[in-house]
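Features as listed in TrEMBL:
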TRANSMEM  47-71  transmembrane segment
TRANSMEM  83-105  transmembrane segment
TRANSMEM  117-142  transmembrane segment
TRANSMEM  163-188  transmembrane segment
TRANSMEM  208-230  transmembrane segment
TRANSMEM  250-269  transmembrane segment
TRANSMEM  281-303  transmembrane segment
Amino acid sequence: MGQITSSFGMSGLYSYIRHGGPDPEWYSCENHTLDYWYSHGIKRPFFAIYFFVSATIMIFIYASCLIGMITSRLITQHSCYKIMFTMGFFDIFSIIVNSYITGYLCLKGAVFCTHPHLVFLGGSIGVGLWSGSCILVILLALNRFSELSRDPILISFFQGDRVYGTLLLPILWGSFMAFFSPAGMFTSNQLAWFFDPFNGSGKVYTNIPHTINNCIVAILATIAYIKICVKMAQKTSFSKEAFSKVQRQLFLQSTLICSIHAIASYGYVVMNFWAGFPVELIMVGHVAWQWSNGSPGIVYLLLNRKVRAAVFRNFGVRSLAVYNTTTGRPSHLSGDPSSQKASKH
């Protein structure tokens, strides 16, 4: 019980607002000078450049896809696109934390005590965004399974305007985690965000809700896609007769997105509890977090013909938009005429 109390005692944005900054009982840096703290960091300009450049590319692609979903009215066609669109907001703001803020801190060779306010705020918001996106990953998996299983209870959560109520879950959970769970703490030594500020306090720093969140999302996502594969096998063929082209596309995209998210979830749980976890794997874990947020836009552009056509049209690249073979005119939504018949939820 003492451990749980400690977690809430060093809670994120709530604690920051209450104390006018990081709680001095848990996050004091007054035992050493600023020069001392800088001497405990490592400047990493190569990684800083990587994060700045890759984040800019990811956000450009992702934002283009989200705008394409709006201009092509995809988000009015299918509940899956509503989930993807909401996930896009969480992902883009997450990239700001795990790439731009991380890149800046890498460039400075920072640890928590060199930039306590930036690290604390970035860490709190980052935890909230990550937790919200985890719920969205589960919702995406359940949405795919509902179409395969035709389970009336699952379908009801995504049908019509009810999907908007369902999408409140990630917002509420993400807000709770940002305000009432411990913030992530960046250290350039290991190029990642931990919950320990490494300020020499001798205290034990944990984030139990975050650990539970990561374990649940990884386990549930795995179970959901195993059940999806079993259900597909029961239908005997992953064919046009059993699935429309849009269903097959959305399934493949959802699988890739959820798989990357699950890898990042497992990685951050392990590295926060295994003291001897290799630094190289810790760095890989952080890059996995970045790609769990940045990869969906790339996946949409490469694998979703409707989104890709909409993006090209928005940039005026008419020659690359696929034409409707029946009318001879550019398809409003996609180069796949059959996809126009996608069921609305």
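Glycine is treated like the rest: Cβ placed from N, Cα and C.
Touching of the transmembrane segment (281-303) and the transmembrane segment (163-188) is ruled out by the presence of fewer than three CB pairs under 8 A, sequence neighbours closer than 6 excluded. Highest Cβ contact count with the transmembrane segment (83-105) among the listed stretches 117-142, 163-188, 208-230 falls to 117-142 (criterion: pairs under 8 Å).
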